[in-house]
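Notes follow once the structure below has been shown.
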Amino acid sequence: MKSNDAIKRYNIGTGDVVHLPHLKSWAENAINLDIKNPLIPLESSLPTSYPDSCINKENHENVKTIVELAVSHNIVIIPFGGGTSVSGASTCPSHEPRPIIVLDMSHMNRLLWLNEENLTACFEAGIIGQDLERILYSKGFTCGHEPDSYEFSSLGGWVATRASGMKKNVYGNIEDIMLGFRMVTPKGVLERCCDIPRMSCGPDFMQLVLGSEGQSAEDVANNFKKISKIAQSFGGICAGENNGKLGYNLTFIIAYIRDLGFTYQVVSESFETAVPWDKTLAVCTNVKKCLEQACKENPVEVFERLEVMAREEILKSGGSLSHHHGVGKIRSQFYGAQVTDYGVDLYKAMKKFVDPQNIFGVGNLLCRI
């Protein structure tokens, strides 16, 4: 049975609820496997460092107090949102000798204000994507930012990883949607509170927040665009809301299929890049060829090396280090090659000024500062 037949037969993706039991039943029959041994994690994949404590907070003032205490006691802080990172960004750095606390953002999940005239809103950074969208939808608006992980990922995580979404060609990436922020740093609060689309006032310090991968981003404002008139001006017509939902349901179900595969020792991983049009064919051809050659023998042993091999081939063929997943720890070895040695020194200087004790020492982008 082909996958599209299974979708038709079991009505997968034709409503708000995905019928996972039917998918599991179909997959078991299609794969026809009888594996009794559980999947054993590779030893090198197991964490070598764990947090000493996890702290919840309710508001901006709580965050300021926690950061001030961490500075006075030289404690490392790792902000934690939805935990959906695929780059190892939220794991504890193995080389860190100091105590580590995880700052759980989940309680900071409120809509602070909504300006219906300016089409802007301000949310706390811990709100999960589907909750943010549900609040806006109830008021007749949308954020338009929908990464594959938006069911579980947080607004703060989107900003910290400079995320992109499935509708970015319409609404833009997170840097196009974000208007302002308030960020707590070990040396004070950095804020851009102007409720305007752009300003020409020197360097844009919002770039310190976007892609920071570990700085504590607090209240983040987003703008929302009405696009119906734009679409109509180019001959766009309404194809029906249900047709759109069907496609997105299939996109979201990929994560559940991956978990199902673990049951049968089928391990899958994804990685992404950005590449100019004239290098697209070379990237696809060269990366696939590289991986096929590496997987001919002992695929489990080379699994962890595949990311490195593929990333090297992507960069060699003209692609970027990452399009939207971020650098984290997994790709930190390539960061210098992407931004040059001067860029690394500039980043270190900025980091040293904002966080001289490396309180937010999560170890992303650069393993050691």
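Cβ from N, Cα, C; glycine included.
Per TrEMBL, the features are:
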DOMAIN    47-229  domain 'FAD-binding PCMH-type'
BINDING   P79, F80, G81, G82, G83, T84, S85, T161, R162, A163, S164  FAD binding site
- Where does the mean pLDDT land for the domain 'FAD-binding PCMH-type' (47-229)? 81
- The answer, for which of the binding-site residues G81, G83 has its Cβ ringed by the most other Cβ atoms inside 10 Å, is G81
- Please work out the number of neighbouring Cβ atoms within 10 Å of the Cβ of P79 (FAD binding site), leaving out its own Cβ. 26
- Note on the structure: Cβ-Cβ distance under 8 Å, sequence separation of 6 or more, same chain as R162 (FAD binding site); the residues meeting this, in order, are N173, I174, E175, L210, G211, H324, G326
- Task: Indicate whether S85 (FAD binding site) is helix, strand or coil by DSSP.
- Result: coil
- Three-state secondary structure, which DSSP defines for P79 (FAD binding site): strand
- Note on the structure: Pairwise CA distances across P79, F80, G81, G82, G83, T84, S85, T161, R162, A163, S164 (listed as binding FAD) top out, in Å, at 20
- Item | Other CB atoms, at most 10 A from the CB of S164 (FAD binding site) | 21
